[in-house]
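Undergrad: After the structure tokens below, expect a handful of questions from me.
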Amino acid sequence: MAQVPNDVPHQTTERVPVVELFQPGKVVHVCAPMVRYSKLPFRALVRRYGCDLAFTPMIIAESFVKSLKARDSEFTTNAADRPLVVQFAARDGVTFADAAEIVAPYSDGVDLNCGCPQRWAMAEGYGSCLLKNPELLTDMVRQARARVSDENFSVSVKIRLHKDLRETVDMCQKAERAGVSWVAVHGRTPSQRGEPVNNEAIALIKQSLDIPVIANGDIKNLEDVKRTQTLTGVDGVMAARGILQNPGMYAGYDQTPLQCVQDWVDISLKLGTHFTCFHHHLMYMFERVTPKSEKRVFNALTSTAAVLDYLEEHYGVSYNPDRTVNDGLPTQNGYAESDN
């Protein structure tokens, strides 16, 4: 079992009870777990633009528990990065509980990925593979819940749909009885990609549970938020590609505002973001707002300096290292070394 050290780093703050975000008449705005993209700098950015709750990218629990190098690479946070849910891909209860115990002092909850449809994940027993084994899923929830005794620490699951919706409802009800805090539902089956989201299925799940439900899929602007909530009655919505293309979407912007680009430059460079990630986020932000000829030029840039020169010349955006970002907090690892 991974041992959690007693010497919690100074940036740890009082836990935010995630379940308390779900209030009558309010739709919680969530930034989805996105591999490579929903890391600390991007979470800091979207929190400035109406995002209520942010996820880490999906982390493989087994390597996270066994390897300090994996923890250094996969999980970085600071005191302003709250409320925060850490998502894990896991295939047994002990490992999921170990991972939850490690991150509990530095986050507000953990989420079990039961929806990733990629072949490698399915082959390894992760993601959507768990939809076929609700007993294992509920055991993992119980073990994580038992390991972290703080009732304010959430244990949630993110799922896709079964072809037979009765299986999905039954699984969610079993998870609720096991102690899951809330459920996020991507309104497609694992085999579906661009098909329309099944809002009727999400509504059925919401009606069948007494815990909060979050809808995921095709959330690209506030109109989508309102429409989805009206059709399903959910307590929150979760955006992925939509918020990559427009980090200001929850604040009501139809496309990425220039100030958001400026904020991204300041936050990401202040926190030491790798060039590829820094550049790719900007490529997404410009995807719907710049002509193809301009995108070709911008996307072909190969260094941070070249990107900054381009932004200053075309948009008046520049990087000032003395400008305060992220409330002036330094980036730090969100855990101390375990004895494993």
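Here the Cβ of each residue, glycine as well, is placed from N, Cα and C on the backbone.
Curation plays no part in TrEMBL annotations; they are all automatic predictions.
Annotation comment: TrEMBL describes 31-293 as domain 'DUS-like FMN-binding'. The FMN binding site annotation in TrEMBL covers PRO33, MET34, VAL35, GLN87, HIS186, ALA240, ARG241. Among the features that TrEMBL reports, active site, proton donor is placed at CYS116.
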Undergrad: Measuring Cα to Cα, how far is CYS116 (active site, proton donor) from GLN87 (FMN binding site) in Å?
TA: 12
Undergrad: Taking the Cβ of ARG241 (FMN binding site) as the centre, count every other Cβ atom within 10 Å, in any protein chain shown.
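TA: Within a 10 Å radius of the Cβ of ARG241 (FMN binding site) lie 16 other Cβ atoms.
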Undergrad: Between all pairs in PRO33, MET34, VAL35, GLN87, HIS186, ALA240, ARG241 (listed as FMN binders), what's the biggest Cα distance, rounded to the nearest Å?
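TA: Between the outermost Cα atoms of PRO33, MET34, VAL35, GLN87, HIS186, ALA240, ARG241, the distance is 17 Å.
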Undergrad: Could you list the residues of the same chain, at least six apart in sequence, whose Cβ is under 8 A from the Cβ of MET34 (FMN binding site)?
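TA: MET34 (FMN binding site) has long-range Cβ partners PHE55, PRO57, ALA240, LEU244.
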Undergrad: In the structure shown, with every protein chain counted, which of the recorded positions PRO33, VAL35, CYS116 has the densest set of Cβ atoms within 10 angstroms of its Cβ?
TA: PRO33
Undergrad: Suppose you look only at the domain 'DUS-like FMN-binding' (31-293); what would the mean pLDDT be?
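TA: Mean pLDDT for the domain 'DUS-like FMN-binding' (31-293): 95.
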Undergrad: Return the count of C-beta atoms lying within 10 angstroms of the C-beta of ALA240 (FMN binding site), excluding that atom itself.
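TA: The Cβ of ALA240 (FMN binding site) has 21 Cβ neighbours within 10 Å.
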